[in-house]
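Here is what TrEMBL says about this protein:
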BINDING   Cys118, Cys120, Cys128  Zn(2+) binding site
ACT_SITE  Lys193  active site, schiff-base intermediate with substrate
BINDING   Arg203, Arg215  5-aminolevulinate 1 binding site
BINDING   Glu231  Mg(2+) binding site
ACT_SITE  Lys246  active site, schiff-base intermediate with substrate
BINDING   Ser272, Tyr310  5-aminolevulinate 2 binding site
Amino acid sequence: MYPIIRMRRYRKDSNIRSLFKESEIRPEKLIMPVFVDETEKDKKEIPSMPDIYRYSLSAYENYIKYLEEIGVKSIILFGIPAHKDETGSSSYDSNGIIQKAIRTAKQNTDLNVIADLCLCEYTSTGHCGIIENGYVNNDKTLEIYQKEALSYADAGVDIIAPSGMMDGQVKAIREVLDKNGYTDKLIMAYSSKFASGFYGPFRDAAESAPQFGDRKSYQMDYHNGDEALREIELDIKEGADIVMVKPALAYLDIISRAKRLFNMPMATYSVSGEYTMIKNAVKSGYLGENIVDEVLTAFFRAGSDLVISYFAEDYIKSHGKH
Ligand code: PBG
């Protein structure tokens, strides 16, 4: 009448518990997003994202040296350009803000430098591609993405992360890289990126909100899981080295399904809105700080190999160098 199998044996004390710990956050698997702003003189806090800043190029240089010092291994860069136009031409300017930021990071640190590749920060329309008759033209956008990818590679980027959700973007970028001898540049594809309300704070941060309409004709419908897996499968066939699910918290089922289906390195992006929710709840004292550990652990437990999170800096700082 008593339990024969007692699960509580596994939990007796912290020494015993550590024997059975199944998943763990490895600081080197966390990637810190960094905003570099061509219009900024120093640094400015993003109002909806406490403790996250937009940096001028020189403030950025100090910041990434500091990140390296505390043990951060990888950053993902986002640029806010001084000039926007309909085709997002400053996105592939060899002296553009991201190109400069890549060179600065490669010259001053040993960080893995990942660059987000999109157009929404660079177009006057705020869309992730070229608009024709009120609609984003897929294939013309790919031509711009190729120029952008090549300019990132020329600047010395390690990993290119296309986030625009155009069909064929991974193949287009792989081709232009290979043709120019950049066979060793990795592609981290934002494969299943959903049209999500969780990007709100980022769009303030990067000044990249669409000026009309929304992104639903290219980003995914959050009702669809099977379709997300097809997106991931296609990116693998097109030559992606890492595939990503984004956002993270509301999409753990997709991460878990994809990890089981494909033998691929998987990343997940815990986006600005997720950061804002948790950060503000902790700041106001409604939730304890340990919630961050719980949430980051969930991403790894679900099957993610790499996690992009605005908590990366804090987490790594408080858990020491690895
Ligand atoms: C660019 C891009 C976005 C994010 C990453 N890359 C914004 C968007 O798609 O609107 C969002 C990141 C975040 O919310 O933290 N397309």
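Backbone N, Cα and C define each Cβ position, glycine as well.
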Chain-mates of Cys118, Cys120, Cys128 with C-beta within 8 Å of site centroid, Zn(2+): Leu119, Glu121, Tyr122, Thr123, His127, Gly129, Ser163, Gly164, Ser208
Collapsed DSSP category at the residue listed as 'Mg(2+) binding site': helix
Alpha-carbon distance [Arg203 (5-aminolevulinate 1 binding site); Ser272 (5-aminolevulinate 2 binding site)] in Å: 9
Spatial neighbour of Cys128 (Zn(2+) binding site) that is closest, considering only the recorded positions Lys193, Arg203, Arg215, Glu231, Lys246 and their CA atoms: Arg215
Binding-site residues whose CB lies under 6 angstroms from ligand 1, from Cys118, Cys128, Tyr310: Cys118, Cys128
Sparsest-packed of the listed recorded positions (Lys193, Arg203, Arg215, Lys246) - C-beta count within 10 angstroms: Arg203
Candidate nearest Glu231 (Mg(2+) binding site) in space, where candidates are the recorded positions Cys120, Arg215, Lys246 and distance is Cα-Cα: Lys246
Other CB atoms, at most 10 A from the CB of Cys120 (Zn(2+) binding site): 25
Spatial neighbour of Lys246 (active site, schiff-base intermediate with substrate) that is closest, considering only the recorded positions Cys118, Cys120, Lys193, Arg215, Tyr310 and their CA atoms: Lys193
Nonlocal residues around Cys118 (Zn(2+) binding site), in sequence order (Cβ under 8 Å, 6 or more apart): Cys128, Pro162, Ser163, Gly164
Conformational class of Lys246 (active site, schiff-base intermediate with substrate) under the three-state DSSP mapping: strand
Spatial separation of Arg203 (5-aminolevulinate 1 binding site) from Cys120 (Zn(2+) binding site) - C-alpha basis, Å: 9
Number of other Cβ atoms within 10 Å of the Cβ of Tyr310 (5-aminolevulinate 2 binding site) across all protein chains: 25
Residue pair Arg203 (5-aminolevulinate 1 binding site), Tyr310 (5-aminolevulinate 2 binding site) - Cα distance, angstrom, rounded: 15
Residue pair Arg215 (5-aminolevulinate 1 binding site), Lys193 (active site, schiff-base intermediate with substrate) - Cα distance, angstrom, rounded: 11
